[in-house]
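> Before we start, here is the structure in question, set down as structure tokens.
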Amino acid sequence: MRTPPAVTVMAEATGAKRKREGSEESAEPPGGDGGSFPLAELCVRRVLRESARDKAIFLHGQVNGASGDAKDAVVILEKTPFQEEMISDLLKKHTRLKLQMSNDIYSTYHLYPPPQLSEIKTTVVYPATEKHLQKYLRQEVYLIRETGEDYKNVTLPFIQSQSFSIQWVYNILEKTAEADRIVHENPDSSNGFVLIPDFKWNQKQLDDLYLIAICHRRGIKSLRDLTAEHLPLLRNILQEGKEAILKRFGVAGSQLRIYLHYQPSYFHLHVHFTALSYDAPGCSVERAHLLADVIDNLELDPQYYQKRTLTFALRADEALLKKFQEAGKA
């Protein structure tokens, strides 16, 4: 799931260099002047969450502004995947080994690579709001079973009551931002879309390939809005998206996981394209709906997603969970 734009930098052992990769998962774009983030001035306040499995840590920090006021920031540090073409350099060029344990034919070491081979992907949301901090804070999660009536009576009124900013999406579609990153575009206003790399993918290896197709047509909030009317759009995304990725990256459609989220992280229809071997965030069964299955379901029943009960997860602090609880549905 692609999120609203954040600032992405690649931090090395000898310092940090800024690299704009676009941007997941909050409904509000961050502010700031677009300049380099003052990483050295960051004062870490707490660890919001960490994942040993994903080799990632989520930090809440603050930076003192020119006027002396402290502004909050979310900083996400992630180890980047290995790049096959760099393995030789990693093992041979100025790399130091420190023995930790040896027993018969088995031994473990700490390996210290040179700075240029020890990249850490660093994503920054700055200034960050309380909503951003809560988004990345580890919380209990609950499953919701939303009927078609629940959507009309609980979810839709909640969505309509919120002021989710998706101007960053329109900036991409209107090419006032990230135009140089577009991999493919079908410009048709009703059945066209833009295909662009997700910010979580640094485009240096294919193991974690991740692109997003964003439809040009406005007013389609999510899976719930789809009917048979949208089949030409969905078919275009499925077919042209696979063809574009094969042409640009050499990855066949049979090696891609192509899906929509419900609920999505932002309410403008978009489709995720990820490497099948990549355990991408949000690809779990309670959230991801394969695009090919969505097309099949709409061909069988044009109103399928207006009637079907859909399952999704909500964090304990989310206002929508409280709405479901008040309605006696959770």
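For all residues, glycine too, the Cβ spot is worked out from N, Cα and C.
Straight out of TrEMBL:
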{"type": "ACT_SITE", "residues": "H270", "note": "active site, nucleophile"}
{"type": "BINDING", "residues": "W168, E178, D198, K200, 261-272", "note": "substrate binding site"}
{"type": "REGION", "residues": "1-35", "note": "region 'Disordered'"}
> Residues with Cβ closer than 8 Å to the Cβ of F267 (substrate binding site), same chain and 6+ apart in sequence?
I159, F164, I166, K221, S222
> What number of additional C-beta atoms lies within 10 angstroms of the C-beta atom of Q263 (substrate binding site)?
22
> Checking your reading of the structure: which of the binding-site residues W168, D198, Q263 lie inside a 10 Å Cα sphere centred on H270 (active site, nucleophile)?
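Of W168, D198, Q263, within range: none.
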> Sequence gap of 6 or more, Cβ distance under 8 Å: name the residues on the same chain that satisfy this around L269 (substrate binding site), in order along the sequence.
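Listed in sequence order: I214, C215, R217, I220, K221, S222, D225, L226, L260.
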